[in-house]
Every structure is written in structure tokens, then in C-alpha cells.
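**Student:** Below you will find the structure I want to go over with you.
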Amino acid sequence: MKNDVVRWSSVVNAQSARESTPNKSKPFPSLNATRAHPSAVTAHATSNSGHLQLQKQQQYCDTNASFLNATKPITTITTSSYLIIPRQHSKRKSELASSSNTLSRHFQSQQQQIERNSPHHRRQHEVKARTFAALHLNRILLNCVQLNVFLVFLLCTLNFGFVIVPSVSATIVSNTSVLLVGGAVNALDDGATYLLDYAEEGDSKGAAGHYTHTWAVHIPSGDDGVADQVARDHGFVNMGKIFENHYHFAHHKVSKRSLTPSQLHQTRLDEDYRVQWARQQQAKSRQKRDYIRMRPSRTSSRALSQVDTVPLNDPKWAQMWYLNRGGGLDMNVVPAWQAGITGKGIVVTILDDGLESDHPDIEHNYDPDASYDVNSHDNDPMPHYDMTDSNRHGTRCAGEVAATANNSICAVGIAFGASVGGVRMLDGDVTDAVEARSLSLNPQHIDIYSASWGPDDDGKTVDGPGELAQRAFIEGVTKGRQGKGSIFIWASGNGGREFDNCNCDGYTNSIWTLSISSATEEGHVPWYSEKCSSTLATTYSSGGQSEKQVVTTDLHHSCTVSHTGTSASAPLAAGIAALVLESNTNLTWRDLQHIVVRTAKPANLRDPTWSRNGVGRRISHSFGYGLMDAAAMVQVARKWKTVPEQQRCEINAPHVDKVIPPRSYITLQLTVKHCSSVNYLEHVQAKITLTSQRRGDIQLNLKSPAGTKVTLLTSRIHDVSLPVLINGPSCPSILGESRHMAIGS
């Protein structure tokens, strides 16, 4: 095969969020204007007011890149990043024109001051976001990090363009590298995926809170006895292993909530020759994605006939409209049941606030080996009961997956033959170590992890998994399920009312997760739904007040018909995934994402933004590729041929030095060649660091060589953070396009 050449160009575009809300923003000018090589990637960034300056920073080496290969070591990724330095807004054009040199000197002075500070203070000024975006079956994940934004683009086998939109003009001076990851020649006929691994450090609001009394400790020997001795020697208690060679320590004489770290105990661990590193854990803000106030619906529910072809005596079966109404208006689960597929032999665990394991509709399928209480460090995940039943979330999610069928109790789970467990991890301080322990629980036994939570959906937070949680994801997809990879399913978020963008959530936009959005009973976009390019597919959930909600188990051995939000959507997807894995236990985590994309149904989902990518697949930022179809997925899975081993190719970008005037954009071009080993791309990764005066004004778009346009980041009117950090989000729209041409086009 000849060496292939792919040109990528980018444009920065600025538009003030005060002038335009995310859903009424003006289109970016001349997105089609860039006519490069057939494999060109186009990125745009524009601004409306103020000035920005992009300057080259030091090169970064992404040591976490090895997650992309399950069997062989992976070459590290070396890139240069871009830093956009905001200049003061000025009401007079003359001031804007004369401020450039002054700000450059000011920035240099600030950098010198930072270098003179202690490492602790330096970390407060510098966000070394080792964010890494991968292009997955259909998405580029976007991560917005506080001070420096690493834009990682994972490109499907085609050309792309992205748009960065600050509310200021800018100068871009940078060198970048791109990593292509995909299958060998003729390996795949339909797919590239954009993915982004979130930064180690996130938004100042969402990334870290108070210091806790716990530490994550890396002991290279991996000897549990050594870990116990290290803990005793320094007054700690070893709470257990997080994953290989990493332990969770607690010190009961250290305050559980403190604004300052415990330097004494940190130093003792640092100086112990048996310890490679230790980190005191900080609490993170993590929200369950179901407690939402309902809005009245603008339309009334249409009458729908139910299809009761399966004799079930569960009293709420008749109200489970998303499973039984037929006519292409449900998730086509009943035909899978009729074929004898119930999830038997598959294990699903719910990462949440606990699980009422003795619930009469759950206890028959409850699996203690898939359960743990990370908050209290014991094997019992029973939730803490309070006056408001605030810890009902996990029990509700578990019932959606595996409530027992035909037992005359409550409802029926989609995978009623599967085993279900629960991890109690949200009812207390959620730290990086807590998340990592939860994500890495018993990975050779658990097949699917379902999570219906994430950073604040407030339209101003940018946050994602920390270093340990990222490592847990990597360990899961490379070693879990006997090397086939753990399945991580995530709710996309409920921040629609706040104009939030799920690409700013480093969990939903991760290469390792299957991000699930919601559709209402009527097939509309729910008012709480977030639009983003990382959403892969959709299941049903709640809508307006006149629309039905989701039926499931509840606390106190009860039943509910009012489970809501994307919290309800993710467990439904997990149940469908369990059916698919039963039909073919050899599927890898990458296989499952391919199957989801191939079988998702756009029909009956109402969104004016539906478009077609280069291979003719319909794609929506609200619904991904469409509604999950259980029977179709099972049918495809039975004959599925495992995707080939991933290949990697790294390319460095040329140096670019350009100015972006207000209300305009600039095109940056990257040529990719010498990548004959990659014929069909799953991931394309690029890194850019971007800083601006107001992060919420930034917009980012991507355009493929086949003409597919994707919005990676919308403006967020509530996001007034000074730093602008952008990490290449997931781009599902380009799935299936090849490097040379759109397949089938």
C-alpha cells in the first residue's frame, strides 16, 4: 500500500456566549472553504472580542497511552501543546491593537513567577492535563480542563476539521502531533471511533475538593504483606488493594475533611523505600443523574398499543412501555427473550450508592462476588437508609437490569437471567482511589459496569477521571474478561437545562465507555438531555410530566414507576449489553461498540439535527446513532467476527504561527503520511493546550474529508472560568469513514 497522506486543518473561531446561546449560535463561516487533500482534517476557531495569543509550550509525553493495545506495549505519545494567553478586553479597537506586546511581556513575567514558586503552588497555576482523546467507533471526546486544554482527536479513517471558538481574537503558534490508531488493511468495513481520555487534573471547581484521611499508595512489590507492614509502620490502616501494586490507606488520626494536605504523613510515605509514590486523596463532586424536576410536556402522549407476546405475571409489566409496545416503538427486547436470550451467565454490577440485595425482585439474581462497599470497606453493599431515601438510586438501576421475571413482584429486568451486584461508592467522599477501586472490582468475574453518575451537570464544570481511575479503565479494557475487555456503560448527563455539554465530562467522552443518552416516550429529545459528539446510542427514559417514566425496583422492597433521567437510560443499555454478551461471549469491548453503531435505529427519534456521515449512517448529537435494538444486536453478535488488533502511527504537525482576528477563524493544516499499517482508523489523537479569558465562549467543530460536520464543543453560557481548556471530544458522526474515502460513498 502506498503511504497515505491526510491533511488536517484547524480554525479558531470566537463568539461571545453573551451574544449567542449554544442552541442559537451562528454557523461557522466557510466550513467548506478548506479544500485540501481528500483526507484533510479541518479545524476552525473564531472569536468576537478581545485578543488571544497562542504560544508553543514544552512537549509532553503521554505515558498513559498504552491502554490502546491489549497485548503489546504501546509507543508513548509525544506532542506539543498550545497555550492561548488571554489579553484584557478593551472597548476601543485602538487598545486591542496595541495590547499584544504588553500582554506578552506580562505573560512572560507570570511564567517566571510560577517557576520561582514551590511545586505545590506551581501545580495550582499549571494544569498538566495528560488528557488523551481517542477517536472511537463514532466519537471524538472533548475534554475541557482548567488552565491548559489538551485536544485529543481520534479520527476515523478520513479527514476532519475542528473549530475552537473563544470570544476573543487569537494568535496560534504551535507544533502538534497526531496518533492514528486503527485496524490493519481490510480489517474493518465500517468504523472509526473518536475517544478522549480525560486529564489527570480537571476544572478548579469539579476536579478536587477537601483533603480526606485516605491515601493511594504505589508499592512496586505488590506484596500484600509488605503493604500491611508499610501501613502499620506509619500509623495507617491498609483498606485493601485498588488494583495491581496500588493500595488504599487510611489514617484515623488525620481529619476526614481538611482544606490543607497532611504534609507530615505524606513525607513519611514519600521517604519509605518500599513506596514508589503516595497521594493524599481529595474528594470530588459526583452527582447521580436521576433527581430532576419534571417540566411539563409540550405535547400529549399518543395512545400506544402494547405487545404482550410474552406471558409475564409481574404486576408492572403492562406499564413497561419501553419494552412492550412494539411497532418499532420500543427497544425490541421481547424477540431476544423469545429466542431464549435472557443474559444468563453474564454479570453486571451497578456502581452507585448501594444495592438493596434482599429486595424480593432482586435477591434471586444478586451476586455477592460482584458487590462491595467501598465507602465502608466491607462486602455488604446495602444502602444507608435515611428519611428521604436519598440512596435509592443504585437499587433502582439494578432492577432495570436484572429484576426477576414472572415472580408476581414489581417489574422485570431486561436481562432477567443475568447476575447483578452493586458497589456502594457514592455515599461518602468520592476520591480518585474510590472510583478506581469501584471500576476495578473483580474484573475477571464482572462483565459489565454500569454508572449513572458523573461531574456536576451545571454547565460550568469540566472534570473527569483522575490518574487512578484512568488506570482502572485501562486495566479493565486490556485485562478484564480474560483479556476481552470490561464493558463500561455511562449515562451521558442531565445538564440540558443548563446548556451543558457532555463532552466536558471525561467519563462519558472516554474511549473506554459506551455513552448512552435518553429519548422520551414520544421520541423527543428530553429537556434535560445534553448534546455532544461522544454519545454513542440512546435508550428510553422520562420526558415531560405527561410522558411515562421507567418502572423498576425501589428501597424498602417496593416498586416505582418514576425512575428518570439518563440515570435510567444507562442500566437499560447495560441490560441489552448483557443479552448481547450471552449470545456471543467472545465479544471484546471494541466489538460491542461496533455492534451498537451498526444496529442502532434512528427511526422514531425526533431531532432536527440528524445528518449522515460519509458511510451513510445517520447521526445525532442528541441520540448518537439511534435507539438501541436488542434483537438486532443479538442477531449481529451471533455471527460477529472479532475486530483485528489495533495498529498505531504517530505524526508530528508542522509549526504554525497565525493570528485570528475577531469574528473570524483560522485554518491550521496537518499532513499525515507514512501510515500504511492503518487502513481503517478507530482513533486519531491530537493534543492542544488552549487558554482564554472565558471558557464558556469557546466552540469547537470538526469536519471530515467526506464532509461530515461535528460539533465537539458548544458555548456554555454559565461557564465563566478564565482558563479555556479543550480536549478533543468524541466524534461519532464520522464512524465508518475510511482514510481514503467514505466507505460506500
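The backbone N, Cα and C atoms fix where each Cβ goes, glycine too.
Remember, predicted model here, so these are calculated numbers, not experimental data.
OK, TrEMBL features for this one:
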type     : residues : note
ACT_SITE : ASP352   : active site, charge relay system
ACT_SITE : HIS393   : active site, charge relay system
ACT_SITE : SER567   : active site, charge relay system
COMPBIAS : 13-24    : compositional bias 'Polar residues'
COMPBIAS : 96-116   : compositional bias 'Polar residues'
DOMAIN   : 642-745  : domain 'P/Homo B'
REGION   : 13-38    : region 'Disordered'
REGION   : 94-125   : region 'Disordered'
TRANSMEM : 140-165  : transmembrane segment
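So that I understand the layout, could you describe where these features sit and how close they are to other parts?
**Tutor:** Other Cβ atoms within 10 Å of the Cβ of ASP352 (active site, charge relay system) number 30 in total over all chains. According to DSSP, ASP352 (active site, charge relay system) sits within a strand segment.
For HIS393 (active site, charge relay system), the same-chain residues 6+ apart in sequence whose C-beta sits under 8 angstroms from its C-beta are LYS288, ASP290, ASP352, ASP353, LEU426, SER452, TRP453, SER567. Following the DSSP three-state reduction, the secondary structure of HIS393 (active site, charge relay system) is helix.
There are 30 other CB atoms within 10 A of the CB of SER567 (active site, charge relay system), with all protein chains counted.
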**Student:** Determine, from DSSP, whether SER567 (active site, charge relay system) sits in helix, strand or coil.
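**Tutor:** Reduced to three states, the DSSP call for SER567 (active site, charge relay system) is helix.
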